[in-house]
Amino acid sequence: LALNPWDVILCISGTIISCENAIVVVVIFYTPAFRAPMFLLIGSLATADLLAGLGLILHFTFVYFIPSEAVSLVTVGLLVTSFTASVSSLLTITIDRYLSLYNALTYYSERTVTRTYIMLILTWGASICYGLLPVVGWNCLKEPSTCSIVKPLTKNHLIILSVSFFTVFAVMLQLYVQICKIICRHAHQIAVQRHFLASSHYVTTRKGIATLAVILGTFASCWLPFAIYCLLGDSSSPALYTYVTLLPATYNSMINPVIYAFRNQEIQKVLWAVCCGCFSSTMPFRSRSPSDV
């Protein structure tokens, strides 16, 4: 099989994604202090992106070195599971951020921990079910006419995934709009109580909204082209269009650690401690609030 440069690029992206997210997973797993709900959700996102990176590497390896329809189904199923879990984990983080602001007084309770585990179970349960569909028989190997732009997934399977993505995006958009309103209200209240100048209130509000815009804008710019093309394209569409829209989607898993993990001050402390050679898994931390918005 002739080597496709796009497949090489995807494999390189998978390697970078795997390395980045492996760092996050190891830091969270080996640090007992990181057992708060927000770190569990960040860990879920990093695990999903890590599996996505490994899936891209395995897919490249098996396609060019061990070609097999059965193995192809497994690797595609892994990619579907991991990317679905990644998008779903972004939704759970958004829900957690919203609830931490909306119910600030009751956020630090056992109810929050229980809710977090329920969201994780639902996220991975649904993702695994989506990923198992092509393995258990819902594929286009026997009927090529039903293939989508991503073989061996069927057109109907990809439509379901795309509709699910648009639903998640719509919910995230609505939640971030509500978060913006809460940020503006809180900033105004703090400005009034502490007699801050109007300019200080404006700067605080603008910073919070700009951060939210970056988070949502990154997610949309990475995934929307591929989700839209999944609805419009079919098996007869040029493979180039699939690669051009799929590659930015993989970049989302590359950017997620930067936005959700490496920006977190507590994770930064552990990473600096590791780099300095003075790592301690029992390092004390002050904050237990969700990562900055």
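Every residue gets a Cβ built from N, Cα and C, even glycine.
TrEMBL: automatically predicted annotations, no manual curation.
As recorded in TrEMBL, the features of this protein are as follows:
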TRANSMEM  6-31  transmembrane segment
DOMAIN    20-260  domain 'G-protein coupled receptors family 1 profile'
TRANSMEM  38-66  transmembrane segment
TRANSMEM  72-95  transmembrane segment
TRANSMEM  116-138  transmembrane segment
TRANSMEM  158-177  transmembrane segment
TRANSMEM  209-228  transmembrane segment
TRANSMEM  240-262  transmembrane segment
For the transmembrane segment (209-228), which stretch among 38-66, 72-95, 158-177, 240-262 has the most Cβ pairs under 8 A?
240-262
Model confidence over the domain 'G-protein coupled receptors family 1 profile' (20-260) (mean pLDDT, whole number):
87
